[in-house]
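All remarks here apply to the structure that follows.
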Amino acid sequence: MANETQKVGAIHFPFPFTPYSIQEDFMAELYRVLEAGKIGIFESPTGTGKSLSLICGALSWLRDFEQKKREEEARLLETGTGPLHDEKDESLCLSSSCEGAAGTPRPAGEPAWVTQFVQKKEERDLVDRLKVEQARRKQREERLQQLQHRVQLKYAAKRLRQEEEETENLLRLSREMLETGPEAERLEQLESGEEELVLAEYESDEEKKVASGHRVDEDEDDLEEEHITKIYHCSRTHSQLAQFVHEVKKSPFGKDVRLVSLGSRQNLCVNEDVRSLGSVQLINDRCVDMQRSRHEKKKGAEEEKPKRRRQEKQAACPFYNHEQMGLLRDEALAEVKDMEQLLALGKEARACPYYRSRLAIPAAKLVVLPYQMLLHAATRQAAGIRLQDQVVIIDEAHNLIDTITGMHSVEVSGSQLCQAHSQLLQYMERYGKRLKAKNLMYLKQILYLLEKFVAVLGGNIKQNPNTQSLSQTGTELKTINDFLFQSQIDNINLFKVQRYCEKSMISRKLFGFTERYGAVFSSREQPKLAGFQQFLQSLQPRTTEALAAPADESQASVPQPASPLMHIEGFLAALTTANQDGRVILSRQGSLSESTLKFLLLNPAVHFAQVVKECRAVVIAGGTMQPVSDFRQQLLACAGVEAERVVEFSCGHVIPPDNIPLVICSGISNQPLEFTFQKRDLPQMMDEVGRILCNLCGVVSGGVVCFFSSYEYLRQVHAHWEKGGLLGRLAARKKIFQEPKSAHQVEQVLLAYSRCIQACGQERGQVTEALLLSVVGGKMSEGINFSDNLGRCVVMVGMPFPNIRSAELQEKMAYLDQTLPRAPGQAPPGKALVENLCMKAVNQSIGRAIRHQKDFASIVLLDQRYARPPVLAKLPAWIRASVEVKATFGPAIAAVQKFHREKSASS
């Protein structure tokens, strides 16, 4: 469909088709938020075109912002003077060129001629800088335009360069083989295999640019550019980002916008030797090590005498080629490409897409990236992301607080602590005589920390953790300082230990050592540690047994860290958090191996504060953002954002208002529906749910999705129905499917559910489609779309409150009660948190249905507590506006029957 330009007020919004009125409102409000430099919380239900509204609204603002800036620069260059002090929009001067421009306050008492002279000089300097920037920008635009029209010539030039490089490499290898001979080459390989694992000399005051994410060497000077004003758009998963890039391509801005997709090394690496390492941490460390080796090799060649011979032998990455990466960067900016296209281009050009994407950031107008790269400060810095005066849009942000909390919370087990200690001891035994004193000092400190962590759990580092029974069991919560004192490690500088781990990459060396040699013990220690060696072997993956073992539904498969020390480094870093912002949870189970130490982040705002402080504007968007009080209080208020800077926007749905959300307060036998912890296990309550579902399945043609508060409760109800015969009555109306706890079985169940509905729709019979019994917080309550016949009715059984007895939740509640003020007439912040967690889960679950304009479904909330005004206020606006509260079941089932009969007749 042809692109159309919509005018909302005085603003023109290009759009691929005629937008809904709610999309126009969304874009206009988004434009105002970005222009005024606010923090916006935007809610737009699924099916309302949120992605296109974000794209067209934000890029329209960026278009106008750049136009105003160009006009202002032209005026300044024409008049040769700086900006006036009383100009209304000082935000036009955002780049570094405007720093220290006209208007810099002068010391009081200076003669007027001095002030005038300095001001004139500043104005001339500003004009000169603007001229340089204008010339640089013009050069960049011309280069990108040439690329767009000369793609074939560029490919030919790349192929020619590759052939020349391959010829040169072959000649170089031939010369080396002639010079060294086969014996020397074999000796070199044997030495390098061993030497790679030995720690290089550590200099604590040395600042290596690679480890901190800065430029690798001087070759990048030519590639460094000014960071123009841009929009950072982030989402949770790479698939969501790929879908967003696809929407950008379809938009009116698709041909002109300079977009770059960022990802992790694991997603963008094209070096198969590095990719084969599997673990994200191993890939990161190996990549940085190769770039460091390249830098040190170059430095060593200049100085003629490298410190260690192994630094010369370490191979540099063949894909880290500045000329090729520059070409790849320009090609990526010339037209919109997703991550798969970037990978293909990187392989073809033999250039690294990961570093290429970093080089493209300064000139890009739209940067697409996953949550972790934006919200984790070290990752952000390593990627070369600069947020100063930029715009950030966080999409799918309903779980933003949980994401930040989870990203900075770390849990280590007793078995991991013991395994890391054993590996490190073996490493020191093998290479101790070759290590410098500073390396030995830090390794002994790490060993001491591991020993004390095991001791604080009540175990002994020298014994097998699987066979160690702890005298005390239970959960204990400590402040960070109390934990350090109790562990007797308060005298160790954890900041220095953390820095050593990062710079020396000891965990990668240790992983390489254990991977190459396995569990190596001296003959002196063999008898004492024989049992422990057996334990270490038991931790290794056993492919044959894993394939033969039946799938365990009670536990989803969790990826194991590549090296226990890599994981423990994260725990050490977490212990450097401010005392008031986190807690340490000691969980002592039956054995040491099952016991854990967990750092719990209480204040996610401490990691979000820098984002809102540096950015011009931040937009937090999602399909269901209610209740928003958590965002306002836990993230924004605690990050120092003033309430006046926060703007809320919630648009309606594109669907007709006749889709009925119902609150049913009592069952068929007039049993009040209140699924509290004390009442939900009563037989009459479980019977009421079964009878209500039987009636709903009798009047709803299509799929019915019923959500329970937990897997345990679902199984309990299912067993009760089976025993009492209700399950058979339900099965006579709809085929029953049950959500598995094992994540890898979810797709299989969904496929069977979908096929059943499709088959029943074609062959009308007594069984009308299917009933899916799901769990709030499970895989099917988030990210799965039950559109059309897959979800004609969504039922929520009770209110899925989190476990109030959880030590983590209790500590979080206490923290909020102490930190946040209590509003008059409102519940304490801790209690409000529990209710908000419940309602967020409800909103996510019921939002699985009604996915587009012509879709329809009935939403049934089975619990009289939903009728309370404070609870209703936390439902999404489009549901809240049309919800009906039914005191008894009769009128409720009649309304559902009428609704579906009318929909069936009109379809």
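Here the Cβ of each residue, glycine as well, is placed from N, Cα and C on the backbone.
Note on Swiss-Prot: of 83-86, 159-162, 247-250, 395-398, the range annotated with the feature motif 'DEAH' is 395-398.
In this structure the alpha carbons, written CA, of C352 ([4Fe-4S] cluster binding site) and P45 (ATP binding site) are 38 Å apart. The shortest Cα-Cα distance between C287 ([4Fe-4S] cluster binding site) and any of the recorded positions T46, G47, G49, S264 is the one to S264. Residues of the motif 'DEAH' (395-398) grouped by DSSP class, helix first, strand second and coil last, total 2 helix, 0 strand, 2 coil. Within the same chain, residues at least six positions away from T46 (ATP binding site) with a Cβ under 8 Å of its Cβ are G623, N785, G847, I850, R851. A helical conformation is recorded for S51 (ATP binding site) in the three-state DSSP classification.
Comparing the binding-site residues S44, S51 on other C-beta atoms within 10 angstroms of each C-beta gives the minimum for S51. Following the DSSP three-state reduction, the secondary structure of S264 (phosphoserine) is coil. DSSP gives C352 ([4Fe-4S] cluster binding site) a coil state; it is part of no helix or strand. For the binding-site residues listed here (P45, G47, G49), the lowest count of other CB atoms within 10 A around the CB belongs to G47.
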